[in-house]
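Here's the structure, in structure tokens; my notes come after.
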Amino acid sequence: MRNIFRHLEGDKAIWAVTALLALFSFLPVYSASSNLVYVVGNGTTMGHLFKHALLLLLGFGIIYGIHRIPTHFFKGLSLIALPVTILLLIYTLAQGNTIEGANASRWIQLPLVGFTFQTSNLAAVVLMIYVARYLTKIREQEIKFTQSLLPLWLPVFIVIMLILPANFSTAAILFAMVLVLCFLGGYPMKYLMGIIGAGVVFLTLFVLLAKAAPGLFPNRVDTWISRVENFWDGGDTEGDYQIEKAKIAIASGGLLGNGAGKSVMKNFLPQSSSDFIYAIIIEEYGMVGGLSLMFFYMLLLFRIVVVANANPTIFGKLLVVGVGLPIVFQALINMAVAVELFPVTGQTLPLISSGGTSIWMTCLAIGIVLSASRKPLVESDGERIDEENPLEILSGQL
Amino acid sequence: MAVTPSHILRRLYLVAGGLFLFAGAVVFKLVNLQAAQGEKYRDLAMQRTEKLFTIAPNRGNLYSDDGSLLATSVSKYTIRFDAVTVKEETFRATVQPLAKALAAQFGKPADYYEKLLKKARTNKNRYALIARDLDYSDFLAVREFPLFELGPYKGGLIIEQRTVREHPLGKIAERSVGYERYDDNGYVTRVGLEGAFGDYLRGKEGKRLKQKIAKGQWKPIGLDNIIEPKDGYDVVSTIDINIQDIAHHALLRQLEHYKAEHGTVIVMETATGAIKAISNLGRTEEGTYYERLNYAIGESHEPGSTFKLMSLVAALEDGVVDTSTVIDTERGYWRLYDRVVRDSKHGGYGEITVSKAFEVSSNTAFAKIIHNGYKEKPQNFVNRLMEMRLHEPLGMPIKGEGVPVIRNPGDKGWSGISLAWMSHGYEVSMTPLQTLAFYNAIANGGELLRPRLIREVREWDRTVEKFDKEVLHPQICSPETVGKVQELLRKVVSEKHGTGHKLDTPFLSLAGKTGTAQKNYVGKDPEKLAYISTFAGYFPAEEPLYSCIVVVHEPDKSVGYYGADVSGPVFQSVAQKILANRPIESHLPEFTLEKPDLDEAYEGYYSLAQEKMQTLPDLRGMSGMDAVSLLENLGLEVEVRGNGKVKRQSVSKGTDISQVKRVILELS
């Protein structure tokens with residue numbers, strides 16, 4: 001055992017929380033799979049379990065591989081990865097998958113392995129690193145808005161625009177996270193306000209355009225509007241079907257829950273193994289289970305803050321916050337949807353929900369946080385210089 | 001801009017704090033959902049996802065006396081077709097084979113089905129009727145047809161099952177077999193045996209809690225039913241299918257011939273009161289007949305002359321008259337106050353004995369006997385009738401038994417002429433079954449039995465309850481009176497002047513009484529005046545086995561209306577067929593056929609065949625057949641010339657067999 005653990009560097013608490021969440025995830029995923037198998041008629045329960053195990057195994061491979069990479073390598077990596085992800089996003093969108101006329105181009109089919117891959121998740125991580133890098137680079141300068149327009153906001157807007165038509169919530173969360181990161185990175189507040197304003201104006205235009213010319217391009221504007229309307233509309237309408245089922249699940253869970261696998265509502269909640277998994281967890285494991293899960297995410301948040309605190313470099317701090325906070329934020333959004341604190345979104349519960357891309361990209365982010373939490377071999381004031389960084393040249397150019 | 005680590009951290013704490021607040025909000029909402037709104041949503045969960053299902057028990061079977069099924073529950077299947085769910089290529093490939101298969105199964109042309117299926121497809125009909133009320137074997141076949149074998153989602157097969165009560169014997173005794181029917185408001189109509197013994201047949205519903213797992217899919221909760229369903233018991237009735245069949249068809253033939261309004265036949269086993277047949281036929285507007293109402297049990301009417309038996313028994317019991325008492329029939333016309341009693345024969349019968357008055361069914365004689373005999377104390381006559389239990393219903397389990405009417409003096413409707421009119425069956429009212437019960441009591445030596453329709457209640461092969469004969473009155477009148485009236489009832493048929501003499505045949509000894517009652521006589525409108533023709537009696541007269549009553553209402557007057565003409569033949573034909581069906585046991589004296597020479601020949605052959613022979617025996621005198629078999633068994637070749645017994649053998653007796661190869665036998 002010691003041998004294995006010796007290879008695991010970085011924050012042990014994060015390792016532990018990640019492993020616990022991953023282990024726990026088998027329970028709800030296995031339970032929810034009965035709905036897919038017996039009601040939807042898709043696969044076998046063992047099959048779903050095995051697939052989940054495989055995804056997690058690959059995920060931990062990713063964590064291990066990423067956390068060995070020296071933190072400052074990510075600066076350069078993000079520069080290479082960003083154009084690639086943008087191309088992938090364009091490709092994804094261009095496929096034009098639709099669900100009942102609404103744009104659902106979120107996935108690309110991975111060749112050979114047969115998994116689908118949600119490119120927006122990758123793009124989010126890459127973009128956060130890129131922004132962190134940029135903020136680090138300009139930390140000493142008195143920055144002008146026009147100066148930051150091209151290197152910062154252009155890539156941000158391109159990525160978000162490419163995600164928006166198919167997945168509003170991911171785009172919105174990413175935008176919010178970029179803003180938070182900029183806020184942390186000392187980007188001037190007045191400019192941030194301007195950007196928010198621009199974002200709102202842009203979104204309004206997008207919605208209006210989609211409404212005015214419904215056939216022009218596939219989008220999910222109608223879905224967003226109805227979801228938001230349902231949320232604000234107090235009564236139980238037809239559209240509240242999902243949320244009502246989630247509330248029934250939570251209410252019938254009680255303090256200790258009905259027991260593993262005993263959920264009833266999993267049969268009626270669409271996406272019971274991903275989007276609404278928190279409601280199912282509470283139904284089966286009760287308030288105790290739900291709060292424990294919340295506790296672990298809060299512990300993760302705490303450790304991320306600790307790691308950010310401990311990391312000596314500005315880039316390290318911003319990187320940890322930039323990729324770490326979205327995990328916790330997404331978890332909270334998922335829970336908030338289940339308790340009707342937030343309109344219905346397609347956000348998964350990181351590490352718990354089934355779904356390859358979500359697991360892998362969470363693992364990627366955690367790997368980066370762990371990398372930043374490693375004890376640096378030699379410390380100098382500010383910048384690590386003893387390690388070769390082949391991408392430093394590239395990083396310096398922009 | 002000059003960002004420092006502490007600068008970042010301060011802002012990070014702010015953001016992290018914000019996230020903690022967010023988490024707090026989620027927890028608050030969670031607790032609120034469970035505590036404050038918990039009740040509402042938990043109720044909703046029960047409402048949406050749990051339901052108590054009723055498990056219908058299987059209704060028991062109704063059997064006839066000999067074990068034939070009278071009524072049983074069977075599943076019927078209606079097949080419908082969802083033409084939308086089927087894929088276009090599947091539909092195109094299978095529509096013709098399916099149409100052919102349907103055509104072969106149901107006998108309609110294949111293109112009829114093809115059109116039906118294609119039309120459903122074009123009209124996007126999701127509920128097209130293919131076949132209604134199939135039995136199980138047809139249903140199994142249809143399920144395996146092309147396209148339908150793919151099931152409900154891919155093949156569009158819709159199956160609707162319902163349980164119906166089937167009567168394997170069809171219309172026979174349909175009314176007495178009856179039914180139990182619930183309408184939408186939960187009201188029950190209970191008819192006949194099914195209704196009467198519904199408590200046995202029905203069984204008990206089970207309950208099972210189920211949980212919804214998807215639209216239209218329910219999963220049982222737990223292993224056991226909350227209440228196990230209990231199947232209904234089987235009921236074995238006393239109805240005998242053969243007798244029922246005879247009674248039904250005899251009545252039907254007579255009703256058709258006389259174009260009567262309705263009629264009923266009941267056959268009862270004398271010693272036990274078991275009803276062996278009960279048939280009720282009513283006329284439809286088209287002039288056909290079907291089991292319409294249970295007239296036998298439900299319809300109480302003025303019985304007419306069949307009631308003379310009751311009057312006579314009462315009079316004999318009270319010593320008012322004896323059978324030899326002579327009565328003057330007054331030229332068939334006797335005025336009492338302002339009313340007149342008439343005999344059916346113009347001019348009357350002159351001075352006749354009570355015995356003959358009964359045989360010829362004289363109204364005037366009976367009116368005089370009862371009126372004169374009881375006019376001082378009419379209550380005595382009524383009391384006597386009541387003593388014979390004529391005023392009470394028989395207490396049949398079948399709903400709607402008609403109530404008999406026997407008025408007390410002083411009751412509403414009682415008048416000075418009541419005694420005279422009651423004497424020949426007016427101003428009283430009885431159902432055919434009640435009249436029959438009385439006749440049966442006379443046949444049974446005075447013991448009045450409750451008519452029985454049920455023999456036993458069974459659960460599989462176990463008897464749950466057995467029903468024996470029920471005595472309503474151990475002795476309605478003295479054995480002497482029984483003997484006297486039995487003789488008179490026989491004479492009605494056997495004597496030449498008897499009203500039932502037409503029924504007399506040399507091979508049957510029938511006993512009974514005719515009755516021709518008037519109906520709708522109040523308005524004195526001859527158009528409306530109708531008759532009720534009755535014959536009640538038993539057979540064989542000497543040792544009665546069965547009693548039987550036939551009542552025919554409103555026969556066509558132009559064809560005939562007398563009890564002996566209309567109802568008598570039904571009675572006769574029932575008696576004839578029942579008695580003809582009874583096996584006759586006769587013993588022949590044992591005898592042996594003695595033929596000494598045949599025995600001797602056989603003995604001779606048998607003893608020779610048993611010997612182990614070394615030398616050839618003397619075969620002369622033996623039949624050729626025996627000789628050949630003997631020699632061939634010894635391994636010799638035999639040649640036969642002629643027929644009959646052996647006259648000469650080519651090898652003489654005593655020759656060693658090993659020396660002999662071939663023997664020629666000459667027969668004559």
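Keep in mind that glycine also has a Cβ here, set from the backbone N, Cα and C atoms.
The annotation transmembrane segment is assigned in TrEMBL to A:12-29 (among others). Tertiary proximity for the transmembrane segment (A:12-29) is limited to same-chain residues at least six positions away from its ends with a CB under 8 Å from its CB atoms, namely 48-49, 52-53, 56, 59-60, 63, 260, 273, 277, 280-281, 284-285, 293, 296, 299-300, 303-304, 307, 350-354, 363, 366, 369-370, 373.
The transmembrane segment annotation in TrEMBL covers A:49-66 (among others). Residues 7-8, 18, 22, 25-26, 29-30, 33, 354-356, 359-360, 362-364, 366-368, 370-371 of the same chain lie 6+ residues outside the transmembrane segment (A:49-66) yet bring a C-beta within less than 8 angstroms of a C-beta in it.
Taken from TrEMBL, the feature transmembrane segment applies to A:73-94 (among others).
Feature annotation from TrEMBL assigns transmembrane segment to A:114-136 (among others).
Taken from TrEMBL, the feature transmembrane segment applies to A:148-164 (among others).
Marked as transmembrane segment by TrEMBL: A:170-187 (among others).
The transmembrane segment annotation in TrEMBL covers A:194-213 (among others). A Cβ distance under 8 Å defines the sequence-distant neighbours of the transmembrane segment (A:194-213), meaning residues of its chain 6+ beyond its ends; these are 145, 153, 164, 175, 179, 219, 221, 225.
Annotation source TrEMBL lists transmembrane segment at A:276-302 (among others). Non-local neighbours of the transmembrane segment (A:276-302) in the same chain are 13-14, 17-18, 20-21, 24, 27-29, 31-32, 242, 245-247, 249-250, 252-266, 269-270, 324-325, 327-328, 331-332, 334-335, 337-338, 348-349, 352-353; each lies 6+ residues outside the stretch with a CB under 8 Å from one of its CB atoms.
Under 8 Å from some Cβ of the transmembrane segment (A:314-339) lie the Cβ atoms of residues 71-72, 74-75, 124-125, 128-129, 131-133, 135-136, 139, 169, 173-174, 176-177, 180-181, 184-185, 243, 246-247, 250, 275-279, 282, 294, 297-298, 300-301, 304, 307-308, 345, 347-350, 353, 362, 364-366, 368-369, 372-373, 382, all in the same chain and six or more residues away from its ends. Annotation source TrEMBL lists transmembrane segment at A:314-339 (among others).
What TrEMBL lists as transmembrane segment is A:351-370 (among others).
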## Note on the structure
Stretch winning on C-beta pairs under 8 A with the transmembrane segment (A:114-136) (pool: A:73-94, A:148-164, A:170-187, A:351-370) is A:73-94
### Message
Using Cβ atoms and a strict cutoff of less than 8 Å, what residues sit near the transmembrane segment (A:351-370) while being 6 or more residues removed from its termini?
### Response
9-11, 14-15, 18, 21-22, 24-25, 28-29, 32-33, 48, 51-52, 55-56, 58-60, 62-67, 69, 71, 74, 107, 115-118, 121-122, 124-125, 129, 273-275, 277, 281, 293, 304, 307, 319-320, 323-324, 326-327, 334
